[in-house]
Amino acid sequence: MQTLVTDQPEEAARHLNRGETVAFPTETVYGLGADALDPDAVAGIFRAKGRPSDNPLIVHVSSPDQISEVAQEIGDDARRLIERYFPGPLTLVLNKRDTLPDIVSAGLPTVGVRCPAHPQAAEFLRHCNHPVAAPSANVSGRPSPTDWQTVEHDLDGRIACLLRGEPSTIGLESTIVDCTTEPPLLLRSGAISLEALRELVPDIEVATSCRKGETPKSPGQKYRHYSPEAEIILVETSLKNLPTQPPAAWIGLSTPPAGATKSLQCRDLNEYARVLFGFFRTCDAEGIREIYCELPREEGIGRAIRERLVKAAG
Ligand code: AMP
Ligand code: MG
């Protein structure tokens, strides 16, 4: 398959409307989309990524009005979150409509729904005939792509079209909240923090999938994820020297330790989130064997960074 690279959302949408797979930029990470109401098209996503069929996809809508095409009744908590954070980096798990193909939800009675704020993504979705099912646009198991070049590296020749845009500004996947449970559950941390969610939904709880060593609640969380080839070593405090032989790398907020072949000191948590997956990819390309990652404090987007780092460390 020849992969067409384009800057035109409308052209990308024409491919999607023909039942093909299309990668597109969003503010979180790049997604790989197909028509959510066309099971054959959605099967193309699983094929291209090598994704296990029991891992559900998030459905992307162009506006909150479109949610009713894929989900049933919306409760009060979900409604408050939608009013405040759609469009934005938040996915809500709702009860699905019977008309949504089972392949999208991996057989679950629920569906994850998100409305991206990214201008190109929004324009692309507006030109699509139906909501768009889209996981991250990487080969399954690799870190999510935050720029178009990484999508091309992973999926060139395996997808019909790549909508080229700027690098993702957030760099980590969306926050996921399950609104079908009482109380609602945070299934995956992201840029919209637990603190911010609690302002609207005070009784929200953190799912066991987000806690270390417990059984995942969100299906995808059981898979190895976000992982570079290099070994990830977590460090809680700043290091003076790397306790290893090169080639080893370091990333964090403190002053980099001596002895790192490669290091990246981030100015703040937002930058840490934005550059993390790209750093993993570069380290792999440069043959780095170990990556020391400084765990940030568990507040704001720091919780999401920690969650990804703990998973990447396995
Ligand atoms: P990705 O966009 O590649 O991060 O994949 C989407 C993730 O969303 C999956 O790994 C699931 O963990 C989660 N997800 C999607 N739909 C649901 C759902 N209906 N219930 C719980 N989690 C979901
Ligand atoms: Mg993914």
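Keep in mind that glycine also has a Cβ here, set from the backbone N, Cα and C atoms.
Annotations in TrEMBL come from automatic prediction, not curation.
Keep in mind that what you see is a predicted model, and the values were worked out from it rather than measured.
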L-threonine binding in TrEMBL involves H60, R114, A134, S174; of T28, T99, T150, T208, the partner in that site is T28
Candidates N55, T110, R114, R188 (binding-site residues) with CB under 6 Å from ligand 2, in sequence order, are none
In three-state DSSP terms, T110 (ATP binding site) is classed as strand
N55 (ATP binding site) to T28 (L-threonine binding site), Cα to Cα, whole Å, comes out at 19
Rounded Cα distance in angstrom between S136 (ATP binding site) and T28 (L-threonine binding site) is 9
For T28 (L-threonine binding site), the same-chain residues 6+ apart in sequence with C-beta under 8 angstroms from its C-beta are P89, P116, S168, I170, G171, L172, E173, S174, G190, A191
Those binding-site residues among N55, T110, R114, S174 lining ligand 1, judged by a Cβ under 6 Å from any of its atoms, are N55, T110
Closest by Cα to R51 (ATP binding site), out of the binding-site residues H60, R114, A134, is A134
